[in-house]
Amino acid sequence: MGARASVLSGGKLDKWEKIRLRPGGKKKYRLKHIVWASRELERYALNPGLLETSEGCKQIIGQLQPAIQTGTEELRSLYNTVATLYCVHKGIDVKDTKEALEKMEEEQNKSKKKAQQAAADTGNNSQVSQNYPIVQNLQGQMVHQAISPRTLNAWVKVIEEKAFSPEVIPMFSALSEGATPQDLNTMLNTVGGHQAAMQMLKETINEEAAEWDRLHPVHAGPIAPGQMREPRGSDIAGTTSTLQEQIAWMTSNPPIPVGEIYKRWIIVGLNKIVRMYSPVSILDIRQGPKEPFRDYVDRFYKTLRAEQASQDVKNWMTETLLVQNANPDCKTILKALGPQATLEEMMTACQGVGGPSHKARVLAEAMSQATNSVTTAMMQRGNFKGPRKIIKCFNCGKEGHIAKNCRAPRKKGCWRCGKEGHQLKDCTERQANFLGRIWPSHKGRPGNFLQSRPEPTAPPAESFGFGEEITPSQKQEQKDKELYPLTSLKSLFGNDPLSQ
């Protein structure tokens, strides 16, 4: 880390740490941002040592700038960091990243005007391509530098690790900046596997070449002396043209950018391959119930990059589907933010969704709702007994304990009626009859008991055998009539054992 952090020192380091990441924000640049930028440059096969000078930063910006429109957020962050570092090296005072980008744009406009003025002074109104790998040597001739093994190695690693995921396209665009058709074919030939994808790419290139030939027919007649022939589709693809012809077309007046044209054809084919390797539609990207919002956004934008649509359509997809396909928890939060919320605000608001604390809160709310629903259902069915009955002591009459645990002196007599001679279990006060009704004590015994027992007032008449003989059955019937009036319950219970 020490070598990477030594890019700035002294006063430059102080200026660096005073620049804010965003206008009005609290966070400022630190050494860790330079270390991160160095590692990212190594990923893109660029020399991290270029960060030590303003000219090196300018070269890095020239390589990254063409891929900004189609690049990832990491690529844009890297570009912003290098632009800010360039301003620090040049001694330009800036307060934040936005101001550094504006200063950088002003510098580029000034350099373009100077180049145009110099070309006008020399009588050459055309801008000669100075892009790598076509450079101008000391003699003023345009020569070609072969693509470096380091660049090829970076391209092969991307294919091996990412296959043909959407991020392969901006990586290819960055690595092939200013390349000739021969260099582009070298990059494609280094891909060992995925031959089915390579065959699809060849078919797309052939289709684009045929379309070029249809739109640019060959002029009849011989070619004028000192004039170059016009490139055909196969010439642009590098199959029927030499390296010298390709350089001549790219540096002629006016130039024919055969390298850029061929590069566009390859990107069209790569888009088809990416769509084949990523068959998931953006409409199918939905956030799982426990998936963090950050992972959902990553999957969404990765699939969105593979979609073959205009930028306006992609913007509409982002504004609509990103919120619509979120899970219910995040969707509630995102709708509360409003339609003008930025992606940063969305990710900050949904940061805790799906975590342990959020799960506990959701579970507590669900349990509370379930308890309330069960209570409501019980009350509607009439099964709700309400609060439990308060325990009351029979001995002292106080609440909160039972007579077995009572410390007061033992009450004498029955705990129900207060009379002595029997206990509570034998008390006949307020006993229910067979109908479940309480028979008041002042009305005598309950209705299912014999109300009164007839007591004889005179001895029974002796039978001397005179008159009709009374049979035992007749005696029993007569006895029943005396004991049981018409309102008796004998019909229900038979003979009352108390009467025998």
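Residue 1 is the first one shown; counting continues down the chain.
Including glycine, each Cβ sits where the backbone N, Cα and C put it.
What Swiss-Prot lists as N-myristoyl glycine is Gly2. The region 'Interaction with host CALM1' feature in Swiss-Prot is assigned to 8-43. For 12-19, the entry in Swiss-Prot reads region 'Interaction with host AP3D1', with the evidence type similarity to another entry. Residues or ranges marked as motif 'Nuclear export signal' in Swiss-Prot (evidence: similarity to another entry): 16-22. What Swiss-Prot lists as motif 'Nuclear localization signal' is 26-32. Per Swiss-Prot, region 'Interaction with membrane phosphatidylinositol 4,5-bisphosphate' is recorded for 73-77, and the stated evidence type is similarity to another entry. Taken from Swiss-Prot, the feature region 'Disordered' applies to 102-128, 438-500. According to Swiss-Prot, the feature region 'Interaction with host PPIA/CYPA and NUP153' maps to 189-227, an assignment based on similarity to another entry. Annotated region 'PPIA/CYPA-binding loop' per Swiss-Prot: 217-225, in sequence order, evidence recorded as similarity to another entry.
Cβ atoms under 8 Å from those of the motif 'Nuclear localization signal' (26-32) belong to residues 5, 8, 13, 16-20, 81, 84 of the same chain, restricted to positions at least 6 beyond its ends.
Listed as Cβ neighbours of the region 'PPIA/CYPA-binding loop' (217-225) (distance under 8 Å, sequence separation of 6 or more from its ends, same chain) are residues 232.
Summarising model confidence by region, the motif 'Nuclear localization signal' (26-32) averages a pLDDT of 88.
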